[in-house]
Amino acid sequence: MNIKRISWQRWRVNNKELLAEATQRLTTTSESARADAEILLAHCLQKSRTWLMTWPEKLVEPEVEAKFQQLLAERIRGVPVAHLTEQREFWTLNLKVTSDTLIPRPETELLVETALFLLEERTSPPSPLSLTGEGGQEWSSSSPSPVKERGAGGEVLRSTILDLGTGTGAIALSLASERPDLSITACDFSAAALAVAIENANTHQLHNVSFIQSDWFSHLPPQRFEAIISNPPYIETNDPHLSQGDVRFEPLTALTAGQDGLDDIRHIVQTAPHWLVNGGWLLLEHGYNQGTAVTALLQMAGFHQVRCLPDLAGNDRVSLGQWLVA
């Protein structure tokens, strides 16, 4: 019996060995081979990546290894890690992800960061926090704060935010987690995507977000918002990158927007003024090479304080403008 036990244990591999083998196999198909392997193995073990690093010599059960090898084969085929684990971390939240939704990406966190800055209460002295705009110049919002909507009794209502094309709910739920005082509306034309967003809201017990199925503004009830935020489709229809990497497995409707990638952004920019309070902000994510075009659209539509902000890689990523009524 002892001999059999020793032989059995030698046949089994440990965390370190399994990760090394998987990383080598993934190198030709993934730019983040080691991270992918760690995430998939941690998922199979229902442990954290930190646990893997702490216990490299732990032997892996055969059924766990079998499941891991199945996921590894799918990843080598190109299936995104987020689809294999059905989850993705964004901001401070662990969100459910499916093939019906866009996979939340770190660049989009700039939208959340910028919105939180703009929505910060101005009753106290100005915060030293500033954002970096075009040309690397620091920029702070010194224009009027959005006009607060009031109830029938004159009381100030909660700040209202609209997240257009919410997908997994990443933007709306991140804002809701940081600012429970906000009243957030999140819409998406996809019922399947909305179901995922609602599940994420329930998982994190974030109850200050309302979800509506709507093709952009088309089915929203009449209301004005202090900020409209969107990560809309912005990839050109014929972009060759659509046949590469993770985007091959994501819904095209969440990625492409016409020949120049700006069809949806144009619609949002032109329509948003009818849904913004005086002093309200429009924030849009876009492609790395679209900053000039998007800021031009905002200026032509009559927005003030128009800026384009870079992501951590230094690429144009978020453009914004304030709607002011004379």
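Numbering starts at 1 and runs along the chain as displayed.
Glycine residues also receive a Cβ, built from the backbone N, Cα and C atoms like all the rest.
Curation plays no part in TrEMBL annotations; they are all automatic predictions.
The S-adenosyl-L-methionine binding site annotation in TrEMBL covers Gly165, Thr166, Gly167, Thr168, Gly169, Asp188, Trp216, Asn231. Sequence annotations record features per position, and here TrEMBL assigns substrate binding site to Asn231, Pro232, Pro233, Tyr234. As annotated by TrEMBL, domain 'Release factor glutamine methyltransferase N-terminal' applies to 17-85. For 159-238, the entry in TrEMBL reads domain 'Methyltransferase small'. Taken from TrEMBL, the feature region 'Disordered' covers 123-152.
Pro233 (substrate binding site) carries neither a helix nor a strand DSSP state and counts as coil. A mean pLDDT of 97 is what the model gives for the domain 'Methyltransferase small' (159-238). The residues near the substrate site, meaning same-chain residues not in Asn231, Pro232, Pro233, Tyr234 whose C-beta sits within 8 angstroms of the mean position of the site's C-beta atoms, are Gly165, Ser230, Ile235, Ala254, Leu255, Ala257, Asp264, Ile265, Leu284, Glu285, His286, in sequence order.
Distance noted between the C-alpha atoms of Gly165 (S-adenosyl-L-methionine binding site) and Pro233 (substrate binding site) is 9 Å. Counting only same-chain residues six or more apart in sequence, the Cβ atoms lying under 8 angstroms from the Cβ of Gly169 (S-adenosyl-L-methionine binding site) belong to Leu95, Asp163, Ala186, Val196, Ala197, Ile198, Asn200, Ala201, Val209, Phe211. DSSP assigns Asp188 (S-adenosyl-L-methionine binding site) to a strand. In terms of DSSP helix, strand and coil, the domain 'Release factor glutamine methyltransferase N-terminal' (17-85) has 50 helix, 1 strand, 18 coil. Residues within less than 8 Å, Cβ to Cβ, of Thr166 (S-adenosyl-L-methionine binding site) and separated from it by at least 6 positions along the same chain comprise Ala172, Ala186, Cys187, Asp188, Ala193, Leu194, Ala197, Phe211. In sequence order, Gly165, Thr253, Ala254, Leu255, Thr256, Ala257, Gly261, Asp264 make up the list of same-chain residues 6 or more apart from Pro233 (substrate binding site) whose Cβ falls under 8 Å from its Cβ. Helix, strand and coil counts from DSSP across the domain 'Methyltransferase small' (159-238) read 22 helix, 23 strand, 35 coil.
A gap of 14 Å separates the Cα atoms of Tyr234 (substrate binding site) and Trp216 (S-adenosyl-L-methionine binding site).
Figure note: comparing Cβ neighbours within 10 Å for the binding-site residues Trp216, Tyr234, the maximum is reached by Tyr234. In sequence order, Thr101, Leu102, Pro104, Asp188, Ala193, Val196, Ala197, Asn231, Ala254 are the residues near Gly167 (S-adenosyl-L-methionine binding site), counting only same-chain partners six or more apart with C-beta under 8 A. Considering other CB atoms within 10 Å as the measure, the emptiest surroundings among the binding-site residues Gly165, Pro232 are those of Pro232.
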